[in-house]
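According to TrEMBL, the feature domain 'Nitric oxide synthase-interacting protein zinc-finger' maps to 69-143. For 191-227, the entry in TrEMBL reads region 'Disordered'.
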Amino acid sequence: MEEPGPKGTENCGVLGEKRTRVALTGTFRLLLPFPEGGKEERRIYQVRRGAQLKKQRRNEESFVRMTRHGKNCTAGAVYTYHEKKKDTAASGYGTQNIRLSRDAVKDFDCCCLSLQPCHDPVVTPDGYLYEREAILEYILHQKKEIARQMKAYEKQRGARREEQKELQRAAAQDQVRGFLEKEAAIVSRPLNPFTPKAASGNSPDDARPGSSAGPTSKDKDKDKALPSFWIPSLTPEAKATKLEKPSRIVTCPMSGKPLRMSDLTPVRFTPLDSSVDRVGLITRSERYVCAVTRDSLSNATPCAVLRPSGAVVTLECVEKLIRKDMVDPVNGEKLTDRDIIVLQRGGTGFAGSGVKLQAEKSRPVMQA
């Protein structure tokens, strides 16, 4: 039972009741008078008084602690897994993983380069679908890039050959120069052992053998001195990186295997409704059907391309119908195992589709 009152005042006893002021809250609390009855009345009084004192203590502590709405995630004593993940993503360090959803997975009839529905699709022997224009442009770009890298490699190789020749020529000149210096140091007439060294050294014809050979102490100190790197003529230069010989083979952008233009097989999808144009098909979720069974095709349906006709059929149709006779049901030509190309699908967003749906980005790691 609370009764508001101004701070700094007290209400004194009325009818034997004692009132006291709570300094922190600025309100007056009515404390029950001590009963004069038996044990039961005293027990009830102690229980009610204890509850009242506990509530008062809780109100006093609330001014010291933060309120519930003012707490932050960092107020806890435990560094949770969620906080660690959040801080790692915001710091820019450590490997970051993310689970790809259905929106991040391409459809089975989309190009692996442009990620758009194919207008003129072709398939590689490994089952990767491309737009003809996109894959041909990629092959031409790769050939130009290989030619550019080969030209740079040959240029560097020629420069290294010239450098080796210059080094060999300089070494040969040093050998000739050393030989001539040794020849010039040879004495032309025999020395007189009875002539003092000082007297013999004054004559121009007397030359000490080996006087020009061997560097002096000044030359050694000069060699040990560091160059003045701030002078443009003495600034050290980094050598060009040695280029490796590039491969002349054009590879598939998805599988990394060698790819030629003759390896591309045209693909002919059977539309669900032949009366709908291509723009209308793009807006639909189910666009194509199997050429034999007329089952709808999607990322959840394993498909295969028959090389002779380019028709797209389901793998169930291949296993139950086509593999018995190994004949193309569209044009009647004989089939081999290489003529049945399993089409690579984009996945369904579920882990059971067999497609890797976990994207990983490696970044620098801060270690203690």
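Cβ from N, Cα, C; glycine included.
Residue counts of the domain 'Nitric oxide synthase-interacting protein zinc-finger' (69-143) by helix, strand and coil are 31 helix, 12 strand, 32 coil (DSSP-based). Mean pLDDT, taken over the domain 'Nitric oxide synthase-interacting protein zinc-finger' (69-143), works out to 82 on the 0 to 100 scale.
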